[in-house]
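According to TrEMBL, the domain 'EamA' annotation covers 148-279. Among the features that TrEMBL reports, transmembrane segment is placed at 39-56, 68-87, 93-113, 120-141, 147-164, 176-195, 207-225, 237-257, 263-284.
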Amino acid sequence: MSPLNPSPATGVLLVIGSCLSLQFGAALADGLFPHLGPWGVTTLRLGLAALFLLAVARPAAWGWSRQAWTGVVLLGASLGAMNGFFFASIERLPLAVAVSFEFIGPLVLAALLSRSARDMLWVGIATAGMVLLGLESALGAESLDPVGIAFALVAGGFWAAYILCSARVGREVPGVGGLAVAMAIGALGTAILGAPGAMQALHHPELAGLILGVALLSSVVPYTLELAALRRLSKPTFSVLLSLEPVFAAAVAWVMLDQTFGWLRALAIALVVAASIGTTRTAVQLSRRRAREALPPAAIRHTDPAAPEDAR
């Protein structure tokens, strides 16, 4: 395959690798919580990842505008809160359940931005999945921690904020310098709650490898793989593949954390995945329709493969 025409199959594998890396990192973090706490782990994870990206990107931050700095600070705040509340949720909830609740944030954001009735339907389907999780908790032997659920939902809200801020920083700051500085800001922000836990790492040198593994698997590796995947896949395909993240979370939790689940939880996760894929497809269709409406009729005839040919 020519380098100028990279293989889509390779792109699919890169996205799958990114999702698995992220979930393996979360599973490894679970082993650090008893020693460092979720906010301590978050501080160390973001701090180490920021050091790596700053060394690679070397951003010329002194030349940024006030608008760029505002976006980067907001991105760092949302990034830190998203990661901190997510780790706090998986301390109390099974990994796949926490990821499923967290997905509500981006789904609601997509529905609000498009204001489409179809997107509201997808949010309703995802909500039905959450109701099933609650029903399973009420009927099953293992109840879901309501505080953990709240943490996951808050993480989802900050995930939505992260999406908006990331788009803004992408417009204001070239390259990955904005993300590198935002990670550093996020690490400093989470240190307000996480510094005492992070300092405990000094008393547990045997955890150094695990901490480094969490930083690499949860931040550096997924970002690198996703960047490579975006060079090989269309954004719609990329987004649909990311929608499968709750499935990867369930698989990793089963393998690494021995977290099993019944058919009701599996159905709930499937509803969230279906809603996420549906939202992505709706956004793609809406974008294409708006692009077509902006074109003059002659241009549409030359770009629409479904347009009938002139009679000869």
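In case you wondered, yes, glycine gets a Cβ from its N, Cα and C as well.
The structure displayed is predicted, hence computed values, not measured ones.
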Secondary structure composition of the domain 'EamA' (148-279) [DSSP: H/G/I, E/B, coil]: 115 helix, 0 strand, 17 coil
Contact call for the transmembrane segment (147-164) and the transmembrane segment (68-87): at least 3 Cβ pairs under 8 Å, seq gap 6+: yes
For the domain 'EamA' (148-279), the mean pLDDT of the predicted model: 85
Same-chain residues near the transmembrane segment (93-113), Cβ under 8 Å, at least 6 residues beyond its ends: 23, 26-27, 30, 86, 119-120, 122-123, 126-127, 129-130, 133, 144-145, 148-149, 151-153, 155-160, 163-164, 245-246, 249-250, 252-253, 257, 259, 261, 265, 268-269, 272, 275-276, 279, 282-283
Contact call for the transmembrane segment (176-195) and the transmembrane segment (39-56): at least 3 Cβ pairs under 8 Å, seq gap 6+: yes
